[in-house]
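Record features (TrEMBL):
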{"type": "ACT_SITE", "residues": "189", "note": "active site, proton acceptor"}
{"type": "BINDING", "residues": "87-91, 97-99, 169-172, 264-265, 288-290, 325", "note": "NAD(+) binding site"}
{"type": "BINDING", "residues": "197, 202, 223, 226", "note": "Zn(2+) binding site"}
{"type": "COMPBIAS", "residues": "1-20", "note": "compositional bias 'Basic and acidic residues'"}
{"type": "COMPBIAS", "residues": "349-366", "note": "compositional bias 'Basic and acidic residues'"}
{"type": "DOMAIN", "residues": "59-339", "note": "domain 'Deacetylase sirtuin-type'"}
{"type": "REGION", "residues": "1-30", "note": "region 'Disordered'"}
{"type": "REGION", "residues": "349-380", "note": "region 'Disordered'"}
């Protein structure tokens, strides 16, 4: 039995990664049938590790504070930063997060008459009732919002050669607008950039412009080949995460020397489990409105990573900077000597976006005016 458990524990297939990733917090409904193949071996290893005091890695930060993180980055020893981000990094752009009481997306879906808030992102519900999702998509569609200070801070990490990868739960594409390329990103919950027919035997692909035209004309997108629904390539509950998520995390996280987690509640698996995939000595910085990602002793013994430890007497690598993501990024940039550079980058990029939007609006108005003029001439 032990030999078989050990064999399964060493299984590195994507399916095994999913099974090991699912933790004690709310899993994606599509993963609820997962079996924890290596749990017995993990339990023994974690038990001995914690009992004998081997659970901690080397302490790298001089102090468990934002200042300590800044000193580490400036030391030159930090060259493979991974950012994990959620909806909280986009709230200052005007995009609601999901779970904030009273203001989150789930708290403001009553007008869609859903059986429960999460139904709007359930694939089975979508196939029967696509109207609520596309109405919401029109409100949140990419291109209507500007990236935030936090997005541009991640861009600066890239420009300075420090960013290994940004793992995002967001579907607003603001990381791309801020200047991150496809290779810089793992969009764990998919993207609006492409769409596909939901019919398994068809799966015809459509681009962003095609989908945008359908959504803004209040038309339910239908495949022009088979008349089935067409859905943006964002991950709904009940669907698998992109293969890139699993292949990239296996390469990236063993090399990570600083993990920065921003604007996520860490409540959805397997994304939440990534915090425990970095080496044990790797510092982890949380920038969020409240502490999250913490777990307990029992969860750690059961092989779920044990979560983050900000406050115990055994804390050695985790730092929590509480407040908005923009405030946290500005504070860190200030300590790094990057604050003015970051503010100038935000201003320059926002001015470019405004200029582009103004030009597109003028062209659209000109086209509309010409169309109306043509109609008038024809009538006369």
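Residue numbering: from 1, along the chain as shown.
The backbone N, Cα and C atoms fix where each Cβ goes, glycine too.
Just so you know, TrEMBL annotations never went through curation; they're auto-generated.
Looking just at the domain 'Deacetylase sirtuin-type' (59-339), the mean pLDDT is 90.
Shown for the compositional bias 'Basic and acidic residues' (349-366): DSSP residue counts in helix, strand and coil, namely 18 helix, 0 strand, 0 coil.
Mapped onto three states, the DSSP output places residue 197 (Zn(2+) binding site) in strand. Fewest Cβ neighbours within 10 Å among the binding-site residues 197, 289: that distinction goes to 289. For the binding-site residues given as 87, 202, 223, the lowest number of other CB atoms within 10 Å of the residue's CB is seen at 202. Taking the Cβ of residue 90 (NAD(+) binding site) as centre and 10 Å as the limit, one finds 26 other Cβ atoms among all the protein chains shown.
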